[in-house]
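Notes follow the structure.
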Amino acid sequence: MECRLPFSLVVFCLVILSSTVRSELVISSVEKWVDLHSHIVRVVSFLKVENQGPYDVSEFVLAFPDAQAKNLATMLVIYLEEGKIIYSEFPINSTKPKSKQSNMTFYPVTLPKKLEKGKTAGLDVYVVLTNLLKPLPKEITQAESQLLVYTDNIYYTSPYHIRNQSIVFRLPGRIESYSEYSEMRLVESELRYGPFEEQPPFSYSPVVVHFENNNSFAVASNFVQEIEISHWGNVQVTEQYTIIHGGAHLKNGFSRIDYQANPSMSGASSFRTLVARLPPMSHSVYYRDEIGNISTSHLRGDSQGTQLEMELRFPMFGGWKISFSIGYSLPLHDFLFESDAGNNVLNITFGSSIEEIVVENQIVRVVLPQGSKDISVKSQFPTKKSQELKYSHLDIVGRPVVVLEKDNVVPEHKRYFQVYIYYKFNNIFLLGKAMMLILGIFLLFLMCILYMHADLALSKTSSWEEETEGRK
Amino acid sequence: MGATSVASPAPLNSAPSSFPSLKALKFTTKQQELLIRVSALALIYVLAFVVRLFSVLRYESMIHEFDPYFNYRTTLFLTKNGFSEFWNWFDSESWYPLGRIIGGTLYPGLMVTAALIHRILHFFSFAVHIREVCVLTAPFFASNTTLVAYFFGKEIWDSGAGLVAAALIAICPGYISRSVAGSYDNEGVAIFALLLTFYLFVKAVNTGSLAWSLASAFGYFYMVSAWGGYVFIINLVPLYVLVLLVTGRYSMRLYVAYNCMYVVGMLLAMQIRFVGFQHVQSGEHMAAMGVFFLLQVFYFLDWVKYILNDIKLFHSFLRITLTCAITVGVLALSIGTASGYISPWTGRFYSLLDPTYAKDHIPIIASVSEHQPTAWSSFMFDFHILLFLFPAGLYFCFKRLSDATIFVVMYGLTSMYFAGVMVRLILVAAPAMCLVSSIAVSATVKNLSSLVRAKSKSPQGSGKPLSGSKAAAKASADQSLPFQKNGAIALLLGALYLLCRYAIHCTWVTSEAYSSPSIVLAARGHGGGRVIFDDYREAYYWLRQNTPPDAKVMSWWDYGYQITAMGNRTVIVDNNTWNNTHIATVGRAMSSYEHEAYEIMLSLDVNYVLVVFGGVTGYSSDDINKFLWMVRIGGGVFPVIKEPDYLVNGEFRVDKGAAPKMLNCLMYKLCYYRFGEMTTEYGKPPGYDRVRGVEIGNKDIKLEYLEEAFTTSNWIVRIYKVKPPKNRW
């Protein structure tokens, strides 16, 4: 068994082991599944943790190399005791050791229940990583398939001793090449390494998988969602996307005749459509960009939701960019509730409605009705929050806008997390605009009446008029 | 619509029956007439707006055609950066590497109007996007034009004629063609300004009031700021004054109206940078100045005549003064022209006076389809019954000659001539046609209805101001009673039928012919459904998103404005055809062999070449069909390019029998690159061009210096990337 652990890391591990991590914990077995089907890497690790020390343990530390931690979009930990789910989803904060040489980031997990000595518990760690699949070669022609490279540690990166472990890569198709190890098996599209026995903490040995992946590599470099609340009963959602094909760049230009003649062979890595899942009861859907409406789209609705199939203006090849916006209206009563204190509670879903897309930077702007007060936001993951004003139709003081910003958003955010916005709003303000319009039209009529009755002539008789009268 | 408004003066007693609450108010006849008139006018106002919205309903709220995209882009700039930035804007994105001084080379009226409307709406806190304002500017001004037409008609004839004029112009296809929603072009506001200026001037002549003529000067200023067609005003008005002088209708009112309008209008017009000092320096404006001086001489002579009180003495004085004045005038003109102070007439002006001029001398003017002489069918298409009503209206005008009717007759006749010379000037003729026709309709219907009404209550109905012709009609009606009444009814029904046909025709023309944005093409599919070709926007959007921001795109000038506005990329030439040499250079590149063209493209720093090709879809206004104009324009400056090289026995062909130079020039190669592998129609060989209806002659096209970068889904737009120069070692 080869072990290419840098010396500094070893030293560092010793430091760690002696300080934060209780070495009494041992991982008796771990199986890591790496799903490489799309451009989002999803890793599930099934751990069995055994407490061999003399004390009860309440904290477990997860470790990730910095390269992964930087691109870690979301993490979910499920704690199992004797096969039953005890608790899932607990708050995780990352800690970074002060030592500069470290290339690890630690995530201490406070266990919901102390692990008693001698006992074993299960931990399922679900991690979503982005930006880790690198195209190789970096440039391909239209006829070629897209090949991606994924690099990982063949051993489970952990500050604990691991007795038995294995890693499985689930691949979408053909494998170009992969690291050779003695314990490995390739069955159809599953590449399995292991089992490896008795590995010390922070064992490291690289594994590289080079494989074909033609799934749409859609990355939204910028996504701005504006949710406008009207207490007349409508929510207007506008989503602006700038989408980049993050895969291998296109070489030698785009040939339409090849693309048309044999769509399956040519431009396999490109994508032409994106599917957005809109909430149920969506209506007045539009799909347009800076230069006008895009007429190629289909809308299907069922009780689960509305599905908007957008055909882009042009097929997206590697490195190409496109921006567009979609918008839809929703009934307000599905999103707005009243809390006990007389507050309005707005419950919004964070994340993009487009399926299987990585959002590098998401900005959500919630436009509350004019006159809203005491605004507070509660979200279940860290976001940058700020407030501004927006002036829309017939606004005098402006509508308060809650701005939430978050980097690296994946579809998982949408499923599990929600954002609550509390605010106070007096319904009497609803009448304000109607009254304004009525008053405006009334003033217009009043001015007309005044004008009709006013005599603005300087003198009653004009010499010219007399002359013309005389002529007639 | 025409029919209801025509009938408005007639049903004086029956109107309030549908308003029970109004019955209690007991309107006087005058009030009822006012109510009907105002509501008819309001309906016409709405109608004029609504009928122009076909394109928004059928497609979307978008800017149409070519020039409007430039206007839209500049308006966007104006709203973003403010007026002073706009006025001093040097645009480096067009005419690379020359650039264009936008503020000094455009008529800012339209953009300022739209930006002002936008600002006003925002002031009243209507958060409207500037695009919607731009799209709806033309219909809005068309609605306003109907109001002006009403007042104009009222001024020259009576309020009935005014109403008919408003109704006719609201749906006149000749006007609609340039003012549908989305056609955000200068003409949209200019026709309003033109008619307003004319109306105010006629009003000033009729009243002799300084206020009205000042107002007309401001109207003229607006017109100058909006459209180059102001030259028509500055020549028609002096011509009209001259005619009044000659026909002995000179009056103090005319003197005041013209002098004030000319002097103030001229000074105001000089504030527009694009026009500048042309009013005193350009040959096209000299007629107005000549008439101005003539009026002074006339007034002076009048005064001398009044002082002298001696006919003989006055005649000799007249002779001397006239000789002197004419000599001085001719001398000044010739010296001015010879010294270059007064510029000669421009090519466009010449081509108006001599329709064959452009064809022989300026291919770039002749190449534009809307500068072609008008076909008879398009007169019929755009004017319909107005063509027949126009002479009838002229007859009525001559029958009741006044200063105002003389004006409208002159306006009608001159604009008819210009409409015959150039297709696009049908637009200028449309208001005149409507006004003159409205006189015909109104006078006829009025006469006929008075005949019909005279039967039922013959003692009444003489309270109308119109007395002369009506009394005569009544007198004749008294002579042969039963026959005339029926005849009048039949004629009324006939008039109603004609007006209905007009309304139907206008609606049909608007919906079928004039509401297509031309940037999105629609065709009928095999199943009868509508197929949309959105290739232009596909290509422009691709350029916008996937080329470097400083990329330079070479294309024929037609697409320049669209590329800069939608693609946001620098172009070599665009629709502002101010530099013929530059356009000729592009024409030369397109018609040269690839390696020669490459040299030209490198010298122009071109990164991408864009061509429009209709061979797959059968879209006929593509670059191959425009190619001969490129050759002609290129050959006009660079004699290396010779038209006969591209023709076979004087015939333009792209198939096997085509000229060898044609088969290997850049344009041919770019359009047909790899087209030979494509089967376009069932049962036809691959490489069958559906526009030309032939199999192309050169199927094995290899590109050495360019590579295909993007082709739209229906092949309408093809973009090629110019490869960087190869290393020499």
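Glycine too: its Cβ is placed from the backbone N, Cα and C atoms.
Only residues 6 or more beyond the boundaries of the transmembrane segment (B:34-54), in the same chain, are considered here, and those with a CB under 8 A from a CB of the stretch are 1, 4-5, 8, 11, 15, 27, 138-140, 142-143, 145-147, 150, 159, 163, 166-167, 169-171, 176, 179-181, 506-507, 510-511, 515. The transmembrane segment feature in TrEMBL is assigned to B:34-54 (among others).
What TrEMBL lists as domain 'Oligosaccharyl transferase STT3 N-terminal' is B:40-436.
Sequence annotations record features per position, and here TrEMBL assigns transmembrane segment to B:101-121 (among others).
Cβ atoms under 8 Å from those of the transmembrane segment (B:133-153) belong to residues 41, 44-46, 48-49, 52-53, 56, 61-63, 68, 71-72, 75, 110, 113-114, 117-118, 121, 159, 161-170, 175-176, 178-185, 188-189, 191-192, 195-196, 198-199, 202, 431, 434-435, 438-439, 442 of the same chain, restricted to positions at least 6 beyond its ends. According to TrEMBL, the transmembrane segment annotation covers B:133-153 (among others).
Under the heading transmembrane segment, TrEMBL lists B:159-177 (among others). Packing against the transmembrane segment (B:159-177) from elsewhere in the chain are residues 1-2, 5-6, 8-9, 37, 40-41, 44-45, 47-48, 51-52, 142-143, 145-147, 149-153, 191, 381-384, 386, 426-427, 429-431, 433-435, 437-439, 441-443, 445-446, 502-503, 505-507, 509-510, 513-514: each is 6 or more residues past its ends and has a CB under 8 Å from a CB in it.
Summarising the annotation, TrEMBL assigns transmembrane segment to B:189-214 (among others).
The transmembrane segment feature in TrEMBL is assigned to B:220-243 (among others). Tertiary proximity for the transmembrane segment (B:220-243) is limited to same-chain residues at least six positions away from its ends with a CB under 8 Å from its CB atoms, namely 107-110, 112-113, 186-187, 189-190, 193-194, 196-198, 201, 254, 258, 261-262, 265, 268-269, 271-272, 275, 279, 284-285, 287-288, 290-292, 294-295, 349, 406-407, 410-411, 414-415, 418, 428.
Sequence annotations record features per position, and here TrEMBL assigns transmembrane segment to B:255-274 (among others). Here the transmembrane segment (B:255-274) has long-range neighbours at 87, 103-108, 201, 204-205, 208-210, 212-214, 216-218, 220-221, 224-225, 230, 237-238, 241, 280, 288, 291-292, 295, 299, meaning same-chain residues at least 6 beyond its ends whose C-beta is under 8 angstroms from one of its own.
Using a Cβ-Cβ cut-off under 8 Å and counting only residues 6 or more beyond its ends in the same chain, the transmembrane segment (B:286-308) has close neighbours at 234-235, 237-239, 241-242, 245, 250, 254-255, 258-259, 262-263, 266, 279-280, 314, 317-318, 321-322, 325, 329, 333, 342. What TrEMBL records for B:286-308 (among others) is transmembrane segment.
Away from its own ends, the transmembrane segment (B:320-342) comes close to residues 281-283, 286, 290, 293-294, 297, 300-301, 304 of its chain (Cβ-Cβ under 8 Å, at least six residues beyond either end). According to TrEMBL, the transmembrane segment annotation covers B:320-342 (among others).
The transmembrane segment annotation in TrEMBL covers B:379-397 (among others). For the transmembrane segment (B:379-397), the residues of the chain that approach it from at least six positions outside its boundaries are 157, 168, 172-174, 177, 405-406, 408-409, 412, 416, 419, 426, 430, 433-441, 443-444, 498-499, 501-502, 505-506, 509, 513, judged by C-beta separation under 8 angstroms.
The feature transmembrane segment is assigned by TrEMBL to B:404-420 (among others).
The domain 'STT3/PglB/AglB core' feature in TrEMBL is assigned to B:552-610. Per-residue confidence over the domain 'STT3/PglB/AglB core' (B:552-610) averages 92 (mean pLDDT, predicted model).
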Counted with DSSP (H/G/I as helix, E/B as strand, rest coil), the domain 'STT3/PglB/AglB core' (B:552-610) has 33 helix, 9 strand, 17 coil
